[in-house]
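Here is what TrEMBL records for this protein:
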type   : residues : note
REPEAT : 181-213  : repeat 'ANK'
REPEAT : 255-287  : repeat 'ANK'
REPEAT : 328-360  : repeat 'ANK'
REPEAT : 401-433  : repeat 'ANK'
REPEAT : 474-506  : repeat 'ANK'
REPEAT : 547-575  : repeat 'ANK'
Amino acid sequence: MDYSEPETGYGQANWLMLKSTRANSNLTIEEERKKFIRQIYPVINDWKGQYPNLRDILRSEEVDWLLSDSVDIWCEGPNNDHGRLFVIFVTCSGYKDEPIIGIDGKPLLRRTTAVHHAALRKYPSWKHQVCWLFRIYDKFHLNYIGEGLTHFHVACLSDCEYVVGKFIELGQDPNLLVPKTDDSPLHLALKNNYKGVVQLLLESGANPNLANAKGSTPLHLICAYNDDDDDLVKILFELSNVKYQPVNINAQNQFGNTPLHLALSYAKKTVVKFLLKRGAHSNLANEEGMTPLHIICEEDDDGDLTEIFFKINDDMQQTVQIDARNKSGNTPLYLAIDKGNTKAFEILLRRGAQSNLAGEFGLTPLHFIVRDDVDGEMTELFFKFNDDRQQTVQINVRDDDGDTPLHLALENGKMKAAEILLRRGAKANSANEKGSTPLHTICMMEEDDGSVDIFFGIIDDIQKTVHINARDKLGRTPLHMTLRSGNKKAFEILLRRGADPNCADENGRTALHLICSKCYDGDLMEMFFKINDKKNQMVQVNAVNKFGRTPLQLAVANLLPHAVDILLDRGADLSNFVFPSESLSFCSIASVYYRLVEFFCELSEKKDVGKITQCRISSASVYICKNCAHTRTKLEKERWGTGRLHSRLLLLLRAIAEKHRRGAFDLARADARASIAREQMERPHSGGGGGAAAAVTLSRGDTRPGYMSTVTCV
């Protein structure tokens with residue numbers, strides 16, 4: 001056959017180049033085939049003249065391979081035009097696929113073709129390529145099966161209406177299911193909104209009630225996948241074969257959802273209207289116990305669906321179960337409140353929804369409302385509708401944790417809602433399962449947003465009494481809670497309103513213990529004493545908790561020099577003082593010890609110091625000496641204050657211990673002198689040479705009386 005064209009001269013040259021490239025390619029190897037497609041691209045892209053008979057240079061199986069490889073190349077990206085052009089070139093050449101005949105003389109139907117390959121890859125524009133491929137694989141009386149799909153299924157998936165018609169015309173069953181998924185051809189067409197294919201299938205006897213492996217019927221797919229118009233629904237109902245009538249409008253899928261559930265979930269108002277007017281069941285619940293009304297209240301933002309739903313049911317004289325509970329025990333009203341669906345909330349209340357039904361975790365609608373109601377509008381509305389219906393709201397109802405609506409409003413900082421509750425009779429002293437009152441709850445808030453002040457303002461206005469020293473089950477008062485949360489403003493308000501500063505929890509901890517435990521700055525302690533002074537309220541500064549600790553001991557352990565100062569000035573008792581664990585380094589606690597040592601110095605000069613006190617002073621002094629000795633090397637390495645404070649403290653403490661040794665330990669005078677001498681020899685200090693006696697002056701930069709001490713070692 002002559003492919004040359006005299007006017008161009010391209011035909012023969014193109015043919016020869018195509019043949020030469022084929023001769024140099026091993027088409028049994030995939031990479032070689034893809035290379036071949038790319039190599040002939042310039043030739044077929046600029047082809048002029050008559051198209052060749054591909055069977056003259058390629059075997060049928062080679063064309064089949066190359067077409068599948070072209071699909072792969074096509075899906076590699078929009079710039080890879082080589083695959084697309086090869087498919088078009090084969091089509092234009094007039095090449096037609098021929099069936100493979102088996103040993104029984106019949107065509108082999110189990111065969112994966114480029115059509116299957118394109119459908120499974122589903123890259124952009126794959127449907128366009130399938131239409132070209134069906135011009136090559138055009139034996140529509142043969143429905144090739146490959147990798148789970150047949151050619152007929154691919155035609156339904158790709159909107160090839162002509163091909164679908166040819167298959168059916170040649171005897172194809174319109175209800176042939178896809179293995180594994182059990183999707184019918186109707187399912188495949190409906191997923192993609194192919195109205196022409198859907199109509200053709202229904203007119204050819206497709207069953208509209210077949211359910212796939214997930215229990216979904218074609219009607220489920222219309223409600224889930226397509227636009228909000230009723231064209232497809234009408235087609236399904238009007239064109240279905242008489243033998244399949246009526247269409248199962250209330251079919252439930254594997255999750256128990258009906259088509260109405262799905263249409264409501266996707267807010268398809270037009271489809272919802274159609275289904276309801278056709279008799280869709282309004283109270284059928286899914287596997288989670290959700291009725292269509294539950295779905296509406298979860299999804300309907302503007303209230304239109306709620307209005308439509310009730311209006312049509314009224315017209316159809318169908319009763320809607322307005323207080324139906326899902327498996328969590330929640331009614332539609334709960335869900336409307338939880339999702340902030342104000343319109344549905346109003347409609348449900350107008351239609352008589354119960355306001356006091358407890359759902360999951362014992363929560364009532366009022367619990368839900370006040371938890372999230374920022375401006376109080378929903379709370380006001382709730383009470384207004386119930387007032388209009390003369391229905392009493394259980395305002396002090398408790399959930400499973402014993403919390404009332406007031407607890408939840410305060411816990412979430414919803415002060416407007418809390419005010420409404422209080423003015424309507426909410427109990428301000430009601431305790432939950434943990435013994436916490438609303439005041440405990442509000443004092444747990446870390447940030448000072450003025451809630452405590454607002455709370456008391458409301459209480460004063462409505463002339464109610466709050467138990468300001470109420471204890472929870474751990475013995476904690478609201479004052480304890482302010483210190484645990486760090487809410488200093490609330491702490492101050494409670495003190496000014498008469499909170500008892502000496503109340504102890506079950507572990508014996510007073511407010512002062514907590515102040516010294518939480519490492520608060522000295523300002524809080526100063527304010528604490530100042531307010532109590534004004535109220536003539538005595539503070540038990542030496543209170544001992546169940547672990548035997550006083551506030552002073554906790555202040556020392558938590559390295560709070562300012563707090564130590566205040567406590568000592570306020571009469572903290574050293575007679576039972578026990579120092580913190582030796583695990584604390586001298587570097588960390590020296591500043592606190594410094595103040596205590598000065599206090600020892602002042603006390604040791606007094607003549608009326610008893611033997612027990614002398615014993616305590618000596619014990620404490622010796623302890624610090626021991627601690628100093630252990631940390632000396634570390635101090636020198638860190639150059640902490642050049643070791644001066646360390647040396648001065650060491651000398652001073654040994655001197656104090658020596659002075660009171662008879663009341664404490666059998667500390668030999670010679671050992672004390674030797675230790676002092678060694679210390680002075682190792683690090684000389686002002687005020688003394690290397691002798692056995694030395695005068696040591698401590699200065700902490702403070703000009704207050706008692707803060708300059710001179711002790712002579714004897």
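Placement of Cβ uses the backbone N, Cα and C atoms for every residue, glycine included.
Keep in mind that TrEMBL annotations are predicted by a computer and have not been checked by a curator.
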For the repeat 'ANK' (255-287), the number of residues DSSP places in helix, strand and coil | 16 helix, 0 strand, 17 coil
Same-chain residues at least 6 beyond the ends of the repeat 'ANK' (401-433) whose Cβ lies under 8 Å from its Cβ atoms | 361-362, 364, 366-367, 369-376, 379-380, 383, 395, 439, 441-442, 444-445, 449, 451, 454-455, 458-459, 462, 464-467, 470, 472
Summed over the repeat 'ANK' (328-360), the DSSP helix, strand and coil counts are 17 helix, 0 strand, 16 coil
Long-range Cβ neighbours of the repeat 'ANK' (328-360) (under 8 Å; 6 or more residues past either end) | 288-289, 291, 293-294, 296-303, 306-307, 310, 322, 366, 368-369, 372, 378, 381-382, 385-386, 389, 391, 393-394, 397, 399
Using DSSP, tally how many residues of the repeat 'ANK' (401-433) sit in helix, strand and coil.
-> 16 helix, 0 strand, 17 coil
Per DSSP, what is the residue tally for the repeat 'ANK' (474-506) in helix, strand and coil?
-> 17 helix, 0 strand, 16 coil
Summed over the repeat 'ANK' (547-575), the DSSP helix, strand and coil counts are 16 helix, 0 strand, 13 coil
